[in-house]
Every structure is written in structure tokens, then in C-alpha cells.
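Novice: Okay, handing you the structure first.
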Amino acid sequence: MEFRLLGRLEIASGGRLLELKRRRERCLLGVLLLQPNRPISIDRLIDLLWEGEPPPAARASLHTHVSRLRAALAPGGHDPSVIDLVGDAGGYSVRVDPDRVDTHRFRELIGRAQATEGDERVELLRQAISLWRGPLLADTASPRLRIRVGSELAELRMSAAELMFEAELAAGRHREVIDEISELVEEQPYRERLTGQLMLALYRCDRHEDALSAYRRLCARLSEDLGVDPGPELRALQDRMLRGDRGLVTVPHSPAGVPAQLPAAPRWFTARASELAELTKMLDGTQAEAVGSDVIAMIVGAGGIGKTWLALHWGHLHRDRFPDGQLFVNLHGFDPTQRPMSTATAVRGLLIALGVAPDAIPRELAAQVGLYRSLVAARRMLIVLDNARDTAQVVDLLPGSLSCMVIVTSRNRLTGLISAHTAHPMLLDVLAESAARDLLAGRLGEHRLTGEPDALATLLSACGGLPLALSVTAARVVTQPQAQLAEIAAELRDTATRLQALDDSDPQASLRAVMSWSYASLPFELARLFALLGAAPGPDISLTAACALAGLATDETRAALRALERQSLVQQHVEGRWRMHDLIRLYAGERAVIDLSAGEREAAARRLADFYVHAAHASDRLLDPHRPPIEVDPFDGPVLPVSDPAEALAWFSAEHACLVAVQDAAATSGWDRAVWQLAWTLNTFHQRQGLVDDDLRAWRAGAAATDRIGDPTAQTRAYRLLGHACARIGRHQESIQHLRRALTLAEEAGDIISQAHAHSALAGNCGLSGDFPRALRHAQRGLDLHEFLDDPVWKADALNTVGWYEAQLGQYEQAHDHCVRALELCRRHADHDGEAHTLDSLGYIVHRTGQLDSALTYYREALRMFRKLGNAYGEADSLDQLGEVHRDLGDLDEAAHDWGQALTMYRTQRRVADADRVQQHLDRIYR
């Protein structure tokens, strides 16, 4: 978990941004994080949060905010080793590793920079300044509060920028920093040192009048606004410029014949701090060691990910460390208009750059390579080999000396360079959302973004952090200044028009064209799998599912996926699961429509749907072996390697998004049997995980599918479970309608077991709506039918249901007897889920009869079993009840701990009423 205060408050956890909706809670967290591990008094916090005008109940409100903040910071269960809000009688502090807070890293980088000099100082300061994404706590703190808690940080930022510009000017990079200094002068027009640096940079670029104009503008501002004149240092600088002092011109120049082939650095480069640092570390190692150091950096990533930008940006930052020159070759490995450059052509160009006359170049390739290596031997040079297709294209261009630094960029993972030449691979990923926003802000200006926040969110989401997509989008906005961001966002929101919106007449700046270069290089089988993956539903895919999709054996599919991964077209984001960037996926889907027949696409989709039906059915049987099975069609595809309940739960968790997507696709295709069977096989997982919305959605589709099939047995099951899903989210009237239909269908068919299940479901609906007498009547009818059927597991379930509603009506003795009988049957027949629910019921009964110690025992055992089963829904309820018992025992700390966990789970499960009730319990504790 990382905390970013330098700009909008952001909490990054597991690749996602954790949202705090209440401004005052964001403000509280930000103020505490500004002083990590140091307590702040309650009075000070109240003064800061309410800016000197606190309401009468400010202290109680502060405690409530702290409680909510604790819950919000623990989406997967509170982990005090990451962050912990600690309170005592005097105040609060936040315990956190300072390195997780950007303000600490900002100060630390500046401290390190002040102890260095030259380019190392510049790089550290650039890393520090890059952490600033906007004003401190931009979306949280008022300007007044920002001044009170952050003025020192703001001043430190400006001082760091001035120190950085001083080092850049000392290195002769005056032309490169003019725009940056100008922007900061506009932001801070009264800083004389900054204006002096701008004057010096302009003067050294022979823009003498512009330099003097900058001085005059500052004089006018100081005089009109503050009534003062510039200080003596700035006046002396102006006097030296008026006298034409040659000592001000210190422009370094390269010796004659030294190549400087790097193309211009990208102006809007952003982020990539860790990659820049990694390249610098390699360089430091290369120049410190005589032998055995890595000298080849291999930057790998998809088309448009920013490989060349990274190489050029770093190369320009470190030009002075390569005094013998910089060489650059575009090898055209992936290019729509040119064939990949031959080694002979590349070497010849390098020799000419090194000063060899064309008529003096040897005719034989081996001699050319030998001469090239001789010329670069013992020289400190940077060699950038851009857009390489394969290892063979690069190998002869590698120097034979460790004095050079080589950067290779490619869409392919050139494993030959790693194994034979100790190349250091760097796999580029997409930009984080904050960095993507910074890139757009740099191109468009902050004012264009803040004016249309919804459109901005769409742009960022649609571009998916891909630098090329962001740049194309920015270019469209720049060239259409009258257009609203919302107009372009509308095109990007629609997946049917997104690639077209990111197209451009220049093939180098067209996303579709850039992707086509990779696709064109694929052999037939890889191209086929690439296209099928683009057409497959779901955000990612497992090896087994990919086998079913492609109709290939496991070894063939694994080899093909790895080949696509080496070419940066898919990514194994977790072990055994592959995904595509959304824009690559859209392009692959286009290729599927163009290059594969409709029959082939349908056959692949059907194989995938059949695989998921069978795999989910097998996994569901492991989760709940006592559940009545359904009959699925034979399947001769790959078999899911799952053998126990824990593996089945893990499989459902990993595949859930894909299962939902496959059910949607099956409904669109009219495969009704698969639609309802997927709803059935997902039901246990949905109920235990508390995924009530997903369960309702699945059963709406499933019930409609059974209507189209016309199978009464399937309809009975579907409408019963649809009614149960409605009841769980409070739609009781709709639930009654579906459950009565299920009961009617079961009665018409003489299906006694379905009648029994329908009565149990009706009992549940009545109980959730508060009608306990009616709930007990339905529960008793369900028990009568189950006793007739004499299935011990379902009889136990019915006994527990009757006992639960007897307890709700205060009939504790009868309730206890029924639940004890249910517990005996569950244990005898190894129904662990039923046992956990019955233990929970018994805990409730003995709690209500004053047996608090026994209640703790029952609830703790139920909690242990629910956790072992992965039943998050039941776990949340047991935690809630444990909180009540601890409260009644007077142990408020334990009660708060239990309720805090329950609250997090209720919110995750979107159980709003339960969450609100528990929040009220917590508010009373912290009042």
C-alpha cells in the first residue's frame, strides 16, 4: 500500500486506487501521514479539520472519522503491519513505513541529491520533483489548510527545482530547460533566483533580448505588487548581460568527429522513475567494474508502450557520461513500410557515423564488424539499437568492449541476448493512472482536465495507460481546440469506435497500424490463437481454458502463449493466467472477425462455454457435495485439475469474472442450457462469498433461459434460487412472486423435494422481511416434507431453519432442541457448511438466554468453519454476533475489533442495512 499526498490524495493498494469518499476523512489521513509515526493531539486535529470553526460534536465526529478510516484502509482485512491508526487519550498517530508515503520519499531524494553533484544530482532531483502531481492534498485540503500544513513542502519543491536547474545549466543544458524554468516562473513570478536562471538559459541560447525582457517583467511585478526592486545578485547579472560579459557563456561543445546521433528527447516524458534508476545503476556498474558487468539493457514491451521514449529520455539525461559519443540505429524490426534493416546496412551506417569514409569501409561483413568493434573499443559510448526484431539482427552490432553502454528496444523478448550476452531485460508495463494523467496535463494543461472530470476519467480508462494512445488522444485535443473532451471521450467509451478514435493518418502515430506490425510477423497458429483470445469473453484466460478455446493440446497451447508473451502481445499477469491490454484485445477481436470464419469463431466460443460448464459443475460438487447434482452434457475437452474444496474455491475466485462473461456470451448466442447451468454451478460460490448482486444477475439470465427451454424441473430450481437471490438484497415482493411460481411448478409436477426447498426459501424471504410467524410456518412445512423424504442432510438443514425462526419468536427451548438435532445430523454426515450454520444458530439461542460464554464458544467455532469453507457471507454474520456478545460482556475493544471486520465484509458484500447497523454500533463505542 502506498500513500500519495503530493497532488490528489491517492492510496494505491494491489494495483488499484482505494477510494475515500468523505473529504474530511481524506483530510484526516493526509494530515496524519504528513507526520507519520508521530502523534497529533485531538485538539490540533479538530482545529485543522474544521479550520478553527469546529461544530459542538467535533470530538465525537473525529472518533467516527477515525473508525471509518480504519475500516476503509482494510479492504481485505486489517493489516497493522502496513498501516495502523493508533489512538490514546491525547490524540492519534498513523503507524506506517515512511517509505510508503511520497512526502517522505520526496524529502529523502532531495537529501541524497544535496550530497551529490552533476548528473546524479539532476536525476535525483527530477525523481523528487516528479512525485508532485499537483498542489499538496489537491482534492482534500482547502488553500488555507494547505498553507498551514504544507508551506514548507511547497518551498522545498521550489528550492529543489532551482538546485536542479543550477546543475543543468552548469552542464550546458540551457536550451533543454528553458520551457521548464518558464513554466515555474509563471507559477512563482517573484522568485529572483528562478528568474535569474531563466535569464542565463536564454542568454546562452543567444536570446539576449528575451533574457533582458524577463528581468524587466520581474522588475515591473516587484514594483507594482510589492513596491521593491530586485536584489543585488539579479541586478549584477543584468549588468553583466548589458556589458556582454563572455564569462556568462559556458556552452560545452563536443570534440570534432564525436557522433551525437540521439534523436530529440520526448518533451512530455513522465514517470518511469524505477526504470530510469535501473538503467543508471547498470551504467554505474559498467563504469566501475573492469569485467563481468552487464552492459546491455534490453527494453521490452508492446507497441506504443514507450520503449524508445524511455531510451531517449535516459540517453539525453546522461549524455555527458558518454564523452566519446552516442550512436542510434532504428533497425525497423516492426515497420509497415520497410523491411527489417540488415546487419550490413546497420554496420555501414555506424562506421560512417564513427568517421570512416564510405570508400574506406571493407567489403566483407566480418571485416566491417571487426572495424566497428575496433573503433568503439575503449571508448565510452552509448549505443541505442531501436526496434529490433530478433537476436540475430542485434548480435553483430554489439561492441566487444565493456566501456560502452548498449540499449536494445524490442517488442520481442530476445532470449538469445539474455542467455549468450548477459543482457539485462526490462519489461515495460503501462503507466499508472496518475502518470497517465500527468502526461495529458503536460500536453493539454491542467485547466483542460479539471474542467471535465468525467470525460477525463473516460479518456484515462480507454487509453489504459498506453503512452501512444494517450499521445494520440492529446494530439486530437490540441488540434481541435474548440472541441470538448466529452466529445472525444464519447468515441473512446464505445469499444466499437475506440480504435478508430485512436487512429491517425501517420502510421507511426496510429495505434491500429502499430499493432498490425506485430500481427503481421506472427506465424499462422500464433495469429489464430491471438485472434481467438481477442474474441474470448472475460478479462483473462487460464491455460486449460485456452486449450478449450483453441482446440489444442496443453503443450501446444502453452508454447503458443509463451511465444505471444515473448512478443509482448499477452502477459502472464499471475501464474498460469494470461491477459491482453484492452486496446490489444480490441485489435485482436478485429482480426478474429476479419481472418477467421464465423463458423470457426462460433466453434471456439462453444468449446469454451462447454469447458466452463463442466469445470464449474465439477468444482461446485467439491464445494458442496450434498447439493443435488444437475445433468450436464458429455465433454471431451480438457479436464480441470481440481481435486479438493480449497482448490475448487481458488478456481472459482480466479475464474469468476470469466464465468460471468461466458454466461453473458452464451445468452447472446442463444445457448440457453449453458446459461442456466452456469447460474446453477455458480450459486454455491456466490452465496458463500456474499456476491448477492452477481447471484441475482446470474439467476435472472438463468430463469429466462429455463423458460425458453421449457424444462419444468430446471424452471423450478431457477425460480427458487432467483427468489432467494431477490430476498437477500431486500426485494421481498419480487422474491415472493418467484418463490410461489417455483412452488406451484413443483406441486404441479409432484416434485416433493423441490416443494420442500421452496418452502425453506419462502421461510428465508419471510424472515428477512421480518415476518417471523409466517417464516416459521414455511420452515415447519419444509421440515415435514424433508422428514418424509428422509434425506439426513436436508433434514438437518430444515431442522436448523425451524430452530432459527423459533428463536426469533423467543421459543428458545424448542429452538435449542431442533438445532441440537440438526447439529448431530450434520456432524454424522460430514455436512460442514450445515454444521457451521447450525453452530451460528446455537450461538444466537444461548446468547439470548444469557449464556454468554457458551455463545462465544459456538460463534467462534462457526467462524472457524466458515473461514475454512470460504463462506464469507456466514463469516460476516458470525463476526457481527461475536461483536454483540463481547459488547454484552463489557469488552468493547474486542467488540470493536469484531464489528470492524464485519463492517468491512458487509460493505464488500454490499449488505447496506447490515453495514449501517454495525456502523452505528461502532459509532456508539467511539462516541
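Cβ atoms here come from the backbone N, Cα and C positions, even for glycine.
Curation plays no part in TrEMBL annotations; they are all automatic predictions.
Not my notes, these are from TrEMBL:
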DNA_BIND  1-96  DNA-binding region
DOMAIN    1-96  domain 'OmpR/PhoB-type'
REPEAT    716-749  repeat 'TPR'
REPEAT    836-869  repeat 'TPR'
REPEAT    876-909  repeat 'TPR'
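If you look at the structure here, what lies around each of the features I listed?
Specialist: Mean predicted confidence for the DNA-binding region (1-96): the pLDDT average there is 81.
Counting only same-chain residues 6+ beyond the ends of the repeat 'TPR' (716-749), those with a CB under 8 A from a CB of the stretch are 630, 676, 679-680, 683, 692-693, 695-696, 699-700, 702-703, 705-706, 755, 757-759, 761-762, 764-765, 768-769, 910, 913.
Listed as Cβ neighbours of the repeat 'TPR' (836-869) (distance under 8 Å, sequence separation of 6 or more from its ends, same chain) are residues 645, 688, 796-797, 800, 803-804, 807, 810, 812, 815-816, 819-820, 822-823, 826, 875, 877-879, 881-882, 884-886, 888-889.
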Novice: On the DSSP side of things, how many residues of the DNA-binding region (1-96) fall into helix, strand and coil, could you say?
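Specialist: Across the DNA-binding region (1-96), the residues distribute as 34 helix, 23 strand, 39 coil.
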Novice: Do you know the DSSP helix, strand and coil residue counts for the repeat 'TPR' (876-909)?
Specialist: 30 helix, 0 strand, 4 coil
